[in-house]
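**Q** Residues annotated as region 'Disordered' in TrEMBL: 17-43. Feature annotation from TrEMBL assigns repeat 'PPR' to 185-219, 220-254, 255-289, 290-324, 325-359, 360-394, 395-429, 430-464, 465-499, 500-534.
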Amino acid sequence: MRRTLYRFRFSLSATHRSLPSSSCPYENGGSLPKASNSPATSSFSSNPRWVFTNSSLPPPEWVEPLNDVSEVISSSRDLEPSPWVAHILNILDGSSNMEANLDSFCKTFLIKLSPNFVAFVLRSVELRQKPETAMRFFYWAGKQKKYSHKLECYVSLIDLLSLCGELDCTRHVFCELKGMSFLMTISAANSFIKSFGSLGMVEELLWVWRQMKENGIEPSLYTYNFLMNGLVNSMFIESAERVFEVMENGKVAPDLVTYNTIIKGYCKSGNIQKALEKFRAMEMRNLQPDKITYMSLMQVCYSKEDFDTCLSLYHEMEEKGLEIPPHAYSLVIGGLCKCGKCMEGYAVFNDMIQKGCKANVAIYTALIDSYAKNGSMTEAIKLFKRMKNDGFEPDEVTYGVVVNGLCKNGRLEEAMEYFEYCRVKGMAVNPMFYSSLIDGLGKAGRLNEAQRLFEEMVDNGCPRDSYCYNALIDALAKSGNTDEALTLFKRMEDEGCDQTVYTYTILIDGLFKEHKNEEALKLWDMMIDKGITPTAASFRALSIGLCLSGKVARACKILDDLAPMGIIPETAFEDMINILCKAGRIKEACKLADGIVDRGREIPGRVRTVLINALRKAGNADLAIKLMHSKIGIGYDRMGSVKKRVKFRLLLDS
């Protein structure tokens with residue numbers, strides 16, 4: 001059949017990228033256009049050329065992502081991407097007519113994109129942060145005539161989607177993958193396990209694992225590590241433990257990454273003991289922990305307030321000469337500061353500076369706060385000034401710490417100056433500023449100023465929290481204004497602010513001191529009814545109040561009621577004995593001591609010591625010496641076959 005030829009001019013529309021006429025070798029003997037960076041609006045025109053008519057065009061050519069230069073080189077790693085890749089990537093702009101542009105481009109140049117080409121483009125850097133565009137390209141490619149996606153296409157797309165955190169899209173693509181009946185490969189399995197694991201897709205993770213087993217694929221070290229990481233990220237710690245045990249007893253031994261992963265899992269679940277056991281077990285396998293291992297352990301120890309272990313891990317890193325990250329210094333210094341060891345924290349701070357590691361605002365703030373709480377306000381201010389000289393701009397947290405420290409140390413005028421400075425500078429003044437100042441002013445007896453600050457908070461755009469309420473309630477209660485304190489307590493509830501156990505403790509203590517015993521007991525019952533768990537401090541306030549009002553039995557009954565709740569303040573009885581002795585109620589103190597011994601709550605020696613010290617502090621030295629030289633509380637009287645401990649009440653009778 002004879003082909004008819006025509007001469008005509010043709011041009012690309014504005015939606016296509018212009019292609020220069022120069023060419024490079026093509027695998028089927030044709031030529032490929034070079035990629036162009038010309039604007040989308042440029043057109044393509046040429047001298048009259050002979051082309052086939054639409055009725056007699058040659059079939060479209062499948063294009064591959066890499067140039068075929070097998071006759072020139074021996075290694076596939078030296079292959080360069082085909083120019084078609086750049087042109088296709090130019091068209092993938094995410095616009096509404098992207099698919100139409102792809103159709104037009106492929107039709108104009110008589111090409112079709114092979115599965116290898118599609119997988120290659122999906123792995124490109126240009127699409128790495130464009131999950132929606134990648135999905136559209138994937139589904140457009142699947143509609144080409146006589147085209148079917150290969151397993152590698154799904155691998156590339158799922159990898160891209162997982163890196164972007166697209167959980168729903170990944171699940172959608174996975175559902176399609178399950179119905180394709182592909183033969184799983186080790187590289188695809190590793191990629192899938194890594195992708196699904198990063199998103200916490202455990203069911204999909206296990207599906208890949210089963211596919212490997214069914215296809216007789218032996219997992220590699222990377223496979224195991226990816227699988228464990230996925231299980232740990234999904235908090236399937238027990239499953240990760242079983243995988244680890246399989247590795248320990250199998251052909252593929254765990255490496256540093258494996259140990260770091262299982263240690264990370266234990267740390268995420270808060271199991272410090274097991275994490276440390278695995279950490280020490282690494283030495284048995286001649287595996288040296290790296291900074292990732294130490295950081296995982298240090299972070300969980302810090303979160304659990306196990307600052308001693310955190311510090312010892314830091315010293316281990318020093319001894320081994322490991323690089324200590326800035327965050328490690330923050331954890332160690334922060335832990336020492338929380339323990340009140342500001343001098344030790346400052347020593348680590350200086351060591352950090354000497355090693356060339358820069359401090360940050362958080363580290364300076366922790367040190368300033370620690371010095372302030374230890375009463376070393378002068379040192380705290382020195383650090384604050386050094387921080388500014390070193391080029392660090394204090395934030396509202398730092399200023400809040402300084403204001404709080406000045407208030408606690410009675411330097412209210414300086415605190416007010418810093419407070420005003422922050423307001424003038426437009427810095428966000430948070431409730432911590434106000435609660436510190438209200439507390440300081442209240443303790444200094446400047447109630448009017450404290451109340452004025454409390455009222456102006458909302459006007460300045462700062463909502464009142466429980467700390468601010470508690471600070472003012474405490475000031476009012478301690479100054480004897482319990483009625484005003486109760487009014488504020490009611491207002492606190494009306495405004496929806498949480499009434500904490502500290503709020504109740506303040507009021508109960510204040511009411512007992514004002515001899516409003518029944519009101520104090522009503523507040524205690526209200527606290528219990530609301531499900532607020534009492535603390536040792538709250539029971540101390542109640543028990544002391546009851547003891548001083550002659551209701552020792554009532555205090556003991558309440559203590560018995562707390563026992564089923566798991567709340568047994570360790571020093572409850574000691575506090576009650578002390579307060580009774582100080583009030584001169586020795587008989588009641590002895591009766592209470594006998595009750596303690598009878599209940600077996602405390603060892604008699606401890607009760608004796610408490611009572612002796614209480615008598616001595618109360619100025620009753622004669623009875624204290626008498627008790628020291630007697631057998632009361634530790635000796636026994638035998639009545640027949642029954643031994644009974646000598647009662648404390650004999651102290652007064654003898």
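Cβ from N, Cα, C; glycine included.
Are these features on the surface or tucked inside, and what touches them?
**A** Sequence-distant neighbours of the repeat 'PPR' (185-219) (same chain, 6+ residues past either end, Cβ-Cβ under 8 Å): 151-152, 155, 158-159, 161-163, 165, 167, 170-171, 174, 178, 226-227, 229-231, 233-234, 236, 252.
Long-range neighbours of the repeat 'PPR' (220-254) within the same chain, counting only residues 6 or more positions beyond its ends whose Cβ lies under 8 Å from a Cβ of the stretch, are 186, 189-190, 193-194, 196-198, 200-202, 205, 209, 212, 261-262, 264-266, 268-269, 271, 285.
Per-residue confidence over the repeat 'PPR' (255-289) averages 92 (mean pLDDT, predicted model).
Per DSSP, the secondary structure of the repeat 'PPR' (325-359) breaks down as 26 helix, 0 strand, 9 coil.
Within its own chain, the repeat 'PPR' (360-394) has Cβ neighbours under 8 Å at 326, 329-330, 333-334, 336-338, 340-342, 345-346, 349, 352, 401-402, 404-406, 408-409, 411, counting only residues six or more beyond its boundaries.
Long-range contacts of the repeat 'PPR' (395-429) within the same chain, counting only residues at least 6 positions beyond its ends with a Cβ under 8 Å from a Cβ of the stretch, are 361, 364-365, 368-369, 371-373, 375, 377, 380-381, 384, 387, 436-437, 439-441, 444, 446, 460, 462.
Below 8 angstroms of C-beta separation, residues 396-397, 399-400, 403-404, 406-408, 410, 412, 415-416, 419, 422-423, 470-472, 474-476, 478-479, 481, 495, 497 of the same chain, each at least six residues beyond the ends of the repeat 'PPR' (430-464), sit close to that stretch.
Here the repeat 'PPR' (465-499) has long-range neighbours at 431-432, 434-436, 438-439, 441-443, 445, 447, 450-451, 454, 457, 506-507, 509-511, 513-514, 516, 519, 530, 532, meaning same-chain residues at least 6 beyond its ends whose C-beta is under 8 angstroms from one of its own.
Same-chain residues lying 6 or more positions outside the repeat 'PPR' (500-534) and placing a CB less than 8 Å from one of its CB atoms are 466, 469-470, 473-474, 476-478, 480, 482, 485-486, 489, 492, 541-542, 544-546, 548-549, 551, 558, 562, 565, 567.
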**Q** Determine which residues of the chain contact the repeat 'PPR' (325-359) at the Cβ level, with the cut-off under 8 Å and only residues 6 or more beyond its ends counted.
**A** 291, 294-295, 298-299, 302, 305, 307, 310-311, 314, 317, 366-367, 369-371, 373-374, 376, 379, 390, 392
**Q** For the repeat 'PPR' (290-324), could you work out the same-chain residues 6 or more beyond its ends whose Cβ comes under 8 Å from its Cβ atoms?
**A** 256, 259-260, 263-264, 267-268, 270, 272, 275-276, 279, 282, 331-332, 334-336, 338-339, 348, 352, 355, 357
**Q** For the repeat 'PPR' (255-289), find every same-chain residue at least 6 residues outside the stretch whose CB is under 8 Å from a CB in it, and list them.
**A** 221, 224-225, 228-229, 231-232, 235, 237, 240-241, 244, 247, 296-297, 299-301, 303-304, 306, 309, 320
**Q** Using DSSP, how many residues in the repeat 'PPR' (185-219) fall into helix, strand and coil?
**A** 26 helix, 0 strand, 9 coil
**Q** Just to be sure I understand, if DSSP states are collapsed into helix, strand and coil, how many residues of the repeat 'PPR' (290-324) fall in each?
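**A** Within the repeat 'PPR' (290-324) the tally stands at 27 helix, 0 strand, 8 coil.
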